[in-house]
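**Q** Got these off Swiss-Prot a minute ago, pasting:
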type: ACT_SITE; residues: 66; note: active site, proton acceptor
type: BINDING; residues: 62, 64, 144, 215; note: Zn(2+) 1 binding site
type: BINDING; residues: 66, 67, 215, 273; note: Zn(2+) 2 binding site
């Protein structure tokens, strides 16, 4: 799996950073899952390696405008492309009415269904939000001025590496049988032999895990959600120097984001959602924010628009 940052600014766009959005490209299918959709997201998609037609799920963290104002326009555009299977939209209470109002007020009728899932109960009761045979999604309540939620996407463990030479040495002909064996299934061969796929596979390979936390001040629930994750994307609106503002506005500093990664035993941290006050021309720059976080959690990286990062 990999992610593409479509917007990395906090609150308002800047000349170099759009407001929040991130696309997750699944490794086991052609699907793309979108996390947040600030104003201008569809323009960012057009400039990126993402195809909007592949978006099947959208996860919204909270109802502030810099995370949702791009949704109605994106959905309207997707309607023109004839997405007949529909889109699943996960998010807070009020998201459905916001989208419905925006679309109906502009006399927009979509050519595909929207399937809404309100996440509050899933977060408060620690229930799985979505699951199939390859992935599961969990969410957790964050600490912001309005209800906000973090999301975790976890791949299930994958079969071990298939030993082709062993199969060939046992005179098992290549073909669909190899696929079944790789899945660890018991297979009846044309010559009457029964073989167990587990004998041909190495140990299971650990699935990848990705966590997205914004907007929030430091939160123990974010630490729990991120436990042993391969990649944590965490908001870092303020520098440590502006910690008082972070507590006032319930956003995170660089140190809070790094502390979350450290306490959760996350392998890699990428900080995003930077305040536009930090530019290369100001006394505190984005590079300074990165250095602050790296003092606490060395494997920290700085998000920028259109950055593509592997989960592992």
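Glycine is treated like the rest: Cβ placed from N, Cα and C.
On this model, are these features tucked inside or out on the surface, and what's nearby?
**A** In the structure as shown, the Cβ atom of residue 66 (active site, proton acceptor) sits within 10 Å of 22 other Cβ atoms.
Residue 144 (Zn(2+) 1 binding site) is surrounded by 21 other CB atoms, counting those within 10 A of its CB over all protein chains shown.
According to its DSSP assignment, residue 215 (Zn(2+) 1 binding site) is coil.
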**Q** Would you identify which of the binding-site residues 62, 64, 67 has the most other C-beta atoms lying within 10 angstroms of its C-beta?
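**A** The largest 10 Å Cβ neighbour count belongs to 67.
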**Q** Pop the Cα-Cα gap between residue 215 (Zn(2+) 1 binding site) and residue 67 (Zn(2+) 2 binding site) into the table, whole Å please.
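**A** Taking the Cα atoms only, residue 67 (Zn(2+) 2 binding site) lies 10 Å from residue 215 (Zn(2+) 1 binding site).
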**Q** I need the CA-to-CA distance for residue 144 (Zn(2+) 1 binding site) versus residue 273 (Zn(2+) 2 binding site), whole Å please.
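**A** Per the Cα atoms, residue 144 (Zn(2+) 1 binding site) and residue 273 (Zn(2+) 2 binding site) stand 14 Å apart.
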